[in-house]
Amino acid sequence: MKKADNEHLARMRVEYGSVEKDGSADLDVDWLADGWVALLRRWLADAEAAGIAEPNAIVLGTVDAGGRPVTRTVLCKSVDDTGITFFTNYGSAKGEDLASTPYASATFPWFALGRQVHVRGPVTKVSAEETADYWSKRPRGSQLGAWASQQSRPIASRAELLDQLAEVTERFADHDTVPVPPDWGGYRITAEVVEFWQGRESRVHNRIRVHDGRIERLQP
């Protein structure tokens, strides 16, 4: 990369406003009067209303067996008082990471709104019943895709992957419902720490953290 390119990157920044686009005031501890779940759901609804693509997308952080951090984007499919839930192949790279170190972080990045929410804590698999309930809501094509893909494993070509999809499509052609793969299911990140972030002028951002029942403001 040329020096001029780096200089351009160094100058790139967005100046956040002093109020939200909906006219609301600065994020403060009283916004969490009804708990962190209520505020997270409100911000999710705001992101959806703003037309943000996949507003429930989270950047999921894990560490591998060697202690090296890895991130990727997945979709949050449930929020409740215990934490947030996502679903995946248990044999995937993230599944292997969580088997060796069952702890993760997740960030909802709503850049267009100048907002982020960060959740971290221990991770456990959800029950088979909870997995089956979510699985039943997935489109059939997504169900077949989960059977066809040995997630995170190398494959010679896309054509080979499509051949695998065609094979499972034929296998389940006479089935009214597609069963849950044995190596597929949900994980719940128990919300040990939740932080709400709101961009503000001159990088003097608002940060409110919920931890061990305490709600506290953090310096930016």
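Including glycine, each Cβ sits where the backbone N, Cα and C put it.
Listed in Swiss-Prot for this protein:
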type	residues	note
BINDING	ARG13, VAL14, GLU15, TYR16, LYS77, TYR134, ARG138, SER142, ARG203, VAL204, HIS205	substrate binding site
BINDING	ARG72, THR73, VAL74, LEU75, CYS76, LYS77, PHE87, THR88, LYS94, GLN116, GLN151, SER152, TRP197, ARG207	FMN binding site
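Features as recorded by Swiss-Prot, highlighted on the structure.
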{"residue": "ARG13", "record": "substrate binding site", "Cβ within 10 Å": "7"}
{"residue": "GLU15", "record": "substrate binding site", "Cβ within 10 Å": "9"}
{"residue": "ARG72", "record": "FMN binding site", "Cβ within 10 Å": "14"}
{"residue": "VAL74", "record": "FMN binding site", "Cβ within 10 Å": "16"}
{"residue": "LYS77", "record": "substrate binding site", "Cβ within 10 Å": "16"}
{"residue": "PHE87", "record": "FMN binding site", "Cβ within 10 Å": "22"}
{"residue": "LYS94", "record": "FMN binding site", "Cβ within 10 Å": "25"}
{"residue": "ARG138", "record": "substrate binding site", "Cβ within 10 Å": "16"}
{"residue": "TRP197", "record": "FMN binding site", "Cβ within 10 Å": "22"}
{"residue": "ARG203", "record": "substrate binding site", "Cβ within 10 Å": "10"}
- Query: What subset of the binding-site residues PHE87, GLN151, TRP197 lies within 10 angstroms of HIS205 (substrate binding site) at the C-alpha level?
  - Reply: TRP197
- Query: Reported as an integer number of Å, what is the Cα distance between CYS76 (FMN binding site) and ARG13 (substrate binding site)?
  - Reply: 28
- Largest pairwise Cα distance, Å, within the listed FMN binders ARG72, THR73, VAL74, LEU75, CYS76, LYS77, PHE87, THR88, LYS94, GLN116, GLN151, SER152, TRP197, ARG207? 36
- For LYS94 (FMN binding site) and ARG13 (substrate binding site), what Cα-Cα distance in Å is obtained after rounding to a whole number? 32
- Message: Under DSSP, is TRP197 (FMN binding site) part of a helix or a strand, or is it coil?
- Response: strand
- Task: Work out how many Å separate GLN151 (FMN binding site) and ARG203 (substrate binding site) at their Cα atoms, rounded off.
- Result: 39
- Comparing the Cα of VAL74 (FMN binding site) with the Cα atoms of the binding-site residues ARG13, GLU15, ARG138, ARG203, the shortest distance belongs to ARG138
- Query: Looking at the binding-site residues ARG72, PHE87, TRP197, which ones sit with their CA no more than 10 Å from the CA of ARG13 (substrate binding site)?
  - Reply: none
- Message: I'd like to know which of the binding-site residues GLU15, LYS77, ARG138, ARG203 sit within 10 A of PHE87 (FMN binding site) at the Cα level.
- Response: LYS77
- ARG203 (substrate binding site) versus ARG72 (FMN binding site) - Cα distance in angstrom: 26
- Task: Compute the C-alpha separation of ARG203 (substrate binding site) from TRP197 (FMN binding site), stating it in Å without decimals.
- Result: 12
- Task: Mind telling me which of the binding-site residues CYS76, GLN151 has the densest Cβ neighbourhood, counting other Cβ atoms within 10 Å?
- Result: CYS76
- Query: Within 10 angstroms of the C-beta of HIS205 (substrate binding site), what count of other C-beta atoms is obtained when all protein chains are considered?
  - Reply: 18
